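S.K.: One structure is given below, represented as structure tokens, and several questions about it will come after.
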Amino acid sequence: MRLAIKRRASGGQRPGPDEEQRAQDMEKARPQWGNPLQFVFACISYAVGLGNVWRFPYLCQMYGGGSFLVPYIIMLIVEGMPLLYLELAVGQRMRQGSIGAWRTISPYLSGVGVASVVVSFFLSMYYNVINAWGFWYLFHSFQDPLPWSVCPLNSNHTGYDEECEKASSTQYFWYRKTLNISPSIQENGGVQWEPALCLTLAWLMVYLCILRGTESTGKVVYFTASMPYCVLIIYLIRGLTLHGATNGLMYMFTPKMEQLANPKAWINAATQIFFSLGLGFGSLIAFASYNEPSNNCQKHAIIVSIINSSTSIFASIVTFSIYGFKATFNYENCLNKVILLLTNSFDLEDGFLTVSNLEEVKNYLASTYPNKYSEVFPHIRNCSLESELDTAVQGTGLAFIVYTEAIKNMEVSQLWSVLYFFMLLMLGIGSMLGNTAAILTPLTDSKVISSYLPKEAISGLVCLINCAVGMVFTMEAGNYWFDIFNDYAATLSLLLIVLVETIAVCYVYGLKRFESDLRAMTGRTLNWYWKIMWAFVSPLLIVGLFIFYLSDYILTGTLQYQAWDATQGQLVTKDYPPHALAVIGLLVASSTMCIPLVALGTFIRNCLKRGGSAPVA
């Protein structure tokens, strides 16, 4: 197999004895996982992340509950498993990071690896901010009462803070105490020292985990991969015993079959599978490059993808049980306020008005005392359990507002808060290990860099640069910039990267050639399913997703964002200013343009070499 690579790189000439010996020495010197289980745990720790907890439940809620599982499972089979196997097989076959792996296939494809490193760098810059917020909430979870459970007093100590009263205690703690958010993206403010310290701590944790490469990462992933499941199981047991949990579970598992005809349900299912597995970042290629060549990466691809999807479903059961508790609590609290209002307004006997006879008594009061009831009516809230359950929230809103809203109403809330944010940290750090591996592996593979700097220094520099740039997200407008990076830094870029990857393997390197390499490497024949998915189905799906997102951006018109209005205590929609739009364009272009620009540079360099070596007439 090494001979095939060498022959391709040298234009068909067989490598000499010295070159062959150097190749063998490099292969022996390359670090390896202690055992195959470490590799599987590393992939699970990377793939199973925050999106499984806060993105998938939202999609279930939006697109038909149990019926969303139909497009989700289909997309797992035709898109998730094949592309995951492709990346693992490329990494294990080429035994290099993303840049070296694609350069080996063709020098013109080096830009694919460069694009993956750029996207991973963008992701690392903002993703670890979530871990910083996790540390912040974890530290505050030891207080009694929880600081987000009640609104603080105003400056005169005559009542509650006005912003908190208009919003809620959990929203106030998130937007004011955690983010200290500015009214718009144009008002940046300064770096806030508390989030900055938490971000520094988050990067220090990541550095300690990656300090010695696979030797240290291989041990850490056992913990980061398994601990979240322990917490989820504990939360499931607690969630199922909460009042109203069944309302949430019934809402989740009741299928709305009409959603199967909604194209967006299928598009979001495909997108969730794609991004949840972490395809295109180069992390999976980096992890697989440390495998033994004979490792059964096909089996591991199936295991990781099934565990990842099963975790999403399992996390949704936990989320919806807690979501049902929160919705039921809010619904019953709303009813109690209506009962108290009517009891006081009409001097009713205490205990006379109950939930069971509320509607009947309301009709009676409206017909008997129409004038008085019309005065009270504007203050009567419309309480609906269905509307509480229909409130769809994803991302940081689900993790730091909805969950904390539910936790504060639990008994021994400090314990559940500590467990929850500790789980978020394990999920976040596990994903960060993969993100940093995608950056570090190509750098440590580079002879130029590794000859001057030891691995520990390279890791330290990467973490230091990311931490320094990440301070942007700790400013008052930092959350707005976080949303920009989260929405635009990776979506189109990753789709393009994985599309080029499949085309490169199937049509540049050659599917038959790659099949024979896998057979020689693992001793197993590639069956028809993988070949059809790689050559036809998966690329067509990616093209469809790419066209959808591109057209969606174009049809949206002026890009907008959600800004926090402290005077109203709610989010308002605003247009992005020109400088923010320029950053969005730069984020998308800086990674996607790597592929054609590197290919063009390679072509020009080859032309110059041929021109320089041409005989003079």
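Glycine residues also receive a Cβ, built from the backbone N, Cα and C atoms like all the rest.
No curator has checked TrEMBL annotations; they are predicted automatically.
Pulled from TrEMBL, these are the listed features:
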- 1-27: region 'Disordered' (REGION)
- 16-27: compositional bias 'Basic and acidic residues' (COMPBIAS)
- 36-56: transmembrane segment (TRANSMEM)
- Ala47, Val48, Asn52, Ser276, Asn308, Leu427, Ser431: Na(+) binding site (BINDING)
- 68-86: transmembrane segment (TRANSMEM)
- 107-127: transmembrane segment (TRANSMEM)
- 193-211: transmembrane segment (TRANSMEM)
- 220-245: transmembrane segment (TRANSMEM)
- 265-290: transmembrane segment (TRANSMEM)
- 302-323: transmembrane segment (TRANSMEM)
- 418-440: transmembrane segment (TRANSMEM)
- 461-482: transmembrane segment (TRANSMEM)
- 488-511: transmembrane segment (TRANSMEM)
- 532-551: transmembrane segment (TRANSMEM)
- 580-604: transmembrane segment (TRANSMEM)
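Could you give the neighbours, burial and distances for every feature on this list?
M.R.: Outside the transmembrane segment (36-56), and at least 6 residues removed from its termini, the chain residues within Cβ reach (under 8 Å) are 88, 130, 214, 217-219, 221-222, 224-226, 228, 272, 275-278, 283-284, 287-288, 290-292, 295-296, 300, 303-305, 307-308, 311-313, 315-316, 319, 394-396, 398-399, 424, 427-428, 430-431, 433-435, 437.
Around Asn308 (Na(+) binding site), the same-chain residues at least 6 positions away in sequence with a Cβ under 8 Å from its Cβ are Ile44, Ala47, Val48, Asn52, Gly80, Ser276, Leu277.
Within its own chain, the transmembrane segment (220-245) is flanked in space by residues 38, 41-42, 44-45, 48, 209, 311, 314-315, 317-318, 321-322, 324-329, 410, 416, 419-420, 422-423, 426-427, 429-430, 433, which lie at least six positions past its ends and keep a Cβ under 8 Å from the stretch.
Here the transmembrane segment (461-482) has Cβ contacts under 8 Å with residues 121, 124-126, 128-129, 132, 179-182, 184-192, 195-196, 199-200, 203-204, 206-207, 210, 396, 436, 439-440, 443, 453, 561, 563, 580, 583 of the same chain, all six or more residues outside its ends.
When Cβ-Cβ distances below 8 Å are used as the criterion, the transmembrane segment (532-551) is approached by residues 75, 78-79, 81-83, 86, 267, 270-271, 274, 491-492, 495-496, 498-499, 502-503, 505-506, 511 of the same chain, each at least six residues removed from its ends.
Counting same-chain residues at least six beyond the ends of the transmembrane segment (580-604), those with a Cβ under 8 angstroms from any Cβ of the stretch are 107-112, 114-115, 118-119, 122, 185, 480-481, 484-485, 488-490, 492-493, 496-497, 500, 559, 561.
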S.K.: What residues in the same chain, six or more past the boundaries of the transmembrane segment (68-86), come closer than 8 Å to it by Cβ-Cβ distance?
M.R.: 59-60, 259-260, 265-266, 269-270, 272-274, 276-277, 279, 284, 297-298, 301-302, 304-305, 308-309, 313, 498, 501-502, 505, 529-530, 533-534, 537-538, 541-542
S.K.: Enter the number of other CB atoms within 10 angstroms of the CB of Ser431 (Na(+) binding site).
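M.R.: So the Cβ neighbour count for Ser431 (Na(+) binding site) comes to 27.
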S.K.: List, in sequence order, the residues of the same chain other than Ala47, Val48, Asn52, Ser276, Asn308, Leu427, Ser431 whose Cβ lies within 8 Å of the centroid of the Cβ atoms of the recorded Na(+) site.
M.R.: Ile44, Tyr46, Gly49, Leu50, Gly51, Leu277, Gly278, Thr311, Ser312, Gly430
S.K.: Other than its own, how many Cβ atoms are within 10 Å of the Cβ belonging to Asn52 (Na(+) binding site)?
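M.R.: A count of 25.
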S.K.: Checking distant contacts: for the transmembrane segment (107-127), what same-chain residues at least six beyond its ends satisfy Cβ-Cβ under 8 A?
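M.R.: Those are 97-101, 280-283, 285, 428, 431-432, 435-436, 438-439, 442, 466, 469-470, 473, 481-482, 485-486, 489-490, 493-494, 496-497, 500-501, 504, 508, 587, 590-592, 594-599, 602-603, 606, in sequence order.
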S.K.: Do any residues, 6 or more residues outside the transmembrane segment (193-211), come within under 8 Å Cβ-to-Cβ of it, and if so which ones?
M.R.: 128-129, 131-136, 178-179, 217, 220, 429, 432-433, 436-437, 440, 456, 459-460, 463-464, 466-467, 470-471, 473-474, 478
